[in-house]
Every structure is written in structure tokens, then in C-alpha cells.
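Swiss-Prot lists 203-227 with the feature NAD(+) binding site. The substrate binding site annotation in Swiss-Prot covers S333 and rests on similarity to another entry. Per Swiss-Prot, the feature active site, proton acceptor maps to Y346.
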Amino acid sequence: MPLPRAYLGTAQPPASVKEFYFVRHGATDLNEKEMHLQGEKHWGVQGAGTNIGLNGTGKRQAVLAGNVLRKLPIGSVVCSPLLRAIQTALIANIGFLCFDIDEDLKERDFGKHEGGYGPLKMFEDNYPDCEDTEMFSLRVAKALTHAKNENTLFVSHGGVLRVIAALLGVDLTKEHTNNGRVLHFRRGFSHWTVEIHQSPVILVSGSNRGVGKAIAEDLIAHGYRLSLGARKVKDLEVAFGPQDEWLHYARFDAEDHGTMAAWVTAAVEKFGRIDGLVNNAGYGEPVNLDKHVDYQRFHLQWYINCVAPLRMTELCLPHLYETGSGRIVNINSMSGQRVLNPLVGYNMTKHALGGLTKTTQHVGWDRRCAAIDICLGFVATDMSAWTDLIASKDMIQPEDIAKLVREAIERPNRAYVPRSEVMCIKEATR
């Protein structure tokens, strides 16, 4: 609900305001408190007189905001002096060595009500022992003069955001006012608009252990929203905790196309988009040409290593095309580039996976969707436990691969790298 004109009093937006960004601080414990008194809903009150820090949810929101902000053309940063706003700016790690503090970006002062509970009227109108709404609006309008410089980022509070929106004649939804949202205010021909920017959504298969788990952990730490697939959802819950606003789990069976379709549908329903797919799940049990070829095992290897990535690619491509910068990362193997052993099943299927990557790149190029092969040598996981060519401590670590995957996702369209070969033993280069 927009603030009424009477709330603003004589406050007016400054002249020559250019487009700017706004982030409401991450959540605090008071943000999450509410109660009913005599049948009326009351909310936790934290204004200029309450200087508390972010809770766990708020810190996570700041990390996600940072993922978005680091990709935007931020010109300068201006922050409220209150701890919850400063923490948000610091945790977001926007890339600025310093930023300005402006007292006028403080939240409205709620006087003796600070730290308690208040009814809707307290936030919508003048209320006993609270800062006058006109005086509050006047100082917010003064702070808005920073936006005379293009692409200024404000890190502030919900009340400040509502005043800015009212000054500019912009209607806000509940989604706009959520903690940690990155908002872009732009002036059109005759009016202002506001757009929400959210962090990318990445699907990762086989993410409950090994390389897949390391990939997911790294993406979470860098502010991505994830939809993770594994045979048993409970394994994902053990690995990453309960699902939440930014983390989604789904059953993924590489032999069951139905689970794949259901996963992609559920991810889109939750997040509204898909920005990237990491085909990580693989099967490495030996199918040896020197011995009797186990065709049942080979069939399973073919299905998991080739058919499942193909089906996931097919399902995700329409959504990836919509982003203009979709990414598919296939976790391949150096066995898809050369042959060092008689393990014909693994060698064949990994060569075939490379063919899928190349074909996907051919199909996706004009839609700005890139496919990348990351070809691994020996990685310190169960899949490499059989070799005596190199000690586990000298093998590639899962965390090394996770960083390469994130770099592949973040690399701009103008700098396509089709394949990364990752080695830990001396080999001839190709």
C-alpha cells in the first residue's frame, strides 16, 4: 500500500535525479517478529533508535544481494549509519573500498516504541512519540540528492524506501519491500519505474557428495539461488540443511526422465527462471575391454553419463534462452579427451558427453546460451580411489573444480571458453 500524500507533507523529490539502485538491509530478529493484540496485527519496531545487526537470514540475504550488485554498473554507494545497513553493504562485498554514510538515510525514529511492537497506523501516519512523517520525508528527500550522480546505490531501510517510492510516484509490491532485494529505479518518458534484480538460479545434479557438493557449497557462498537434484532428497537435507527461500531440493534419478521433468518444473515454479545447469552426476564403475564387457553396466553408464545430461539440457534450454546469458556446464573427464586405460565404457561415454557439449554450443550460440566442458583428471573423491598413479593428497580437490564451475557461469558472453582441461599428472597437451 503506497504512503498517502499527507504523509509526505511538503516534501518533494529533488530535481535532476538520475536512475539509481536501492537495497533494503537484510533481516534482523525484529523484522521477523509480529503479534496480535486485541485482534489487531502488530509488527516489531526498529527505527533510528534501534541499532541491531543482521541475523542469519539477513546475512544470507546480503550475500545474495552482493551477487547481483557486483554485476551492475554501480557508480557510488551511500549507506545509512545504522549497523544493519552497514553490515549489509559490507557482507554484499560490492567492490567499493569505501562508501559514504548519510544520517538522513536512517530509518524513521519511533521513540519509546523502539524494540517493541506497533500497529499498522504507527508506520503509515503520525503517531505519538514518533518522528513526524513530514520531517522524516524531508530528510529522505534530501538524501535522495545523491542520485544526481548516475547509478548511485542506497543501502537503507524499509521506511526510507517507501518514502522514496512515494516521492517518485512508484507503487511498490510486497516483493519490492522484502529485505535484501536489489531495486533499480529508472525514469521513463513520463514516470518512474522500479525493477527487482535477483541472483541467478542454477540447477546442479548429483550434488549431495563429492564434486557436486563442493560446487553447490561454492555457489551458495557466492550468493546463488540453487535447485539441487539427487536420488534421495534426504541426502541433500543432511548435506545442506532444510530448504528455504533460496535453496530447493528435488529427486533426480538419471534413469528416470519423469524425475527430471518434475525437477525442472518445480524449480521454475519456485524461482520463476533458470539461469544455469550443471550436469555433474556421473557413473564410473569399470566396463573393461580387456575382460568380458558387462553390457548391462555399460548401458547404465551410457544412460547416466550421456542420456541424462541430454534430457536435462533439453528441458532447461527454453528457460536458459530467456535469460540472454544461459550457461550449461558439463562435468566431463580427461577420459573424454584421451585414453589411458581399457575402461571402454567410461572412455566412450565421456567422449560422447563432449559431443553433447559441442552440439549444445552450436544450437545455443545465437540465443546467447553457452555450453562448457570441464574435463577432470584425477579428483580426490571415491571415483578416483582405484588408481595408484597419484596419491590422493596430490589429486585435484573438489573445491578447485567448484571455483572453475563458478567462473564458467560468470564468464561474459563475449569471452567464451569451450573447454577446461584440469590435470594433476604429467600428460601430453592437446
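Using N, Cα and C of the backbone, Cβ positions are placed for all residues, glycine too.
Recorded features from Swiss-Prot, shown on the structure.
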residue: L203; record: NAD(+) binding site; contacts (Cβ under 8 Å, 6+ apart): L226, S227, L228, G229, W263, V264, A267, I274, G276, L277, V278, M312, C316
residue: S207; record: NAD(+) binding site; contacts (Cβ under 8 Å, 6+ apart): K213, I215, A216, L226, L228, G229, A230, L236, A239, N280
residue: V211; record: NAD(+) binding site; contacts (Cβ under 8 Å, 6+ apart): N280, I331, L376, V379, T381, P398, I401, A402
residue: L219; record: NAD(+) binding site; contacts (Cβ under 8 Å, 6+ apart): I202, V204, L226, A402, V405, R406, I409
residue: G223; record: NAD(+) binding site; contacts (Cβ under 8 Å, 6+ apart): V63, L64, A65, G66, N67, V68, S199
residue: S333; record: substrate binding site; contacts (Cβ under 8 Å, 6+ apart): G282, Y346, K350, C375, L376
V211 (NAD(+) binding site) in three-state DSSP notation:
helix
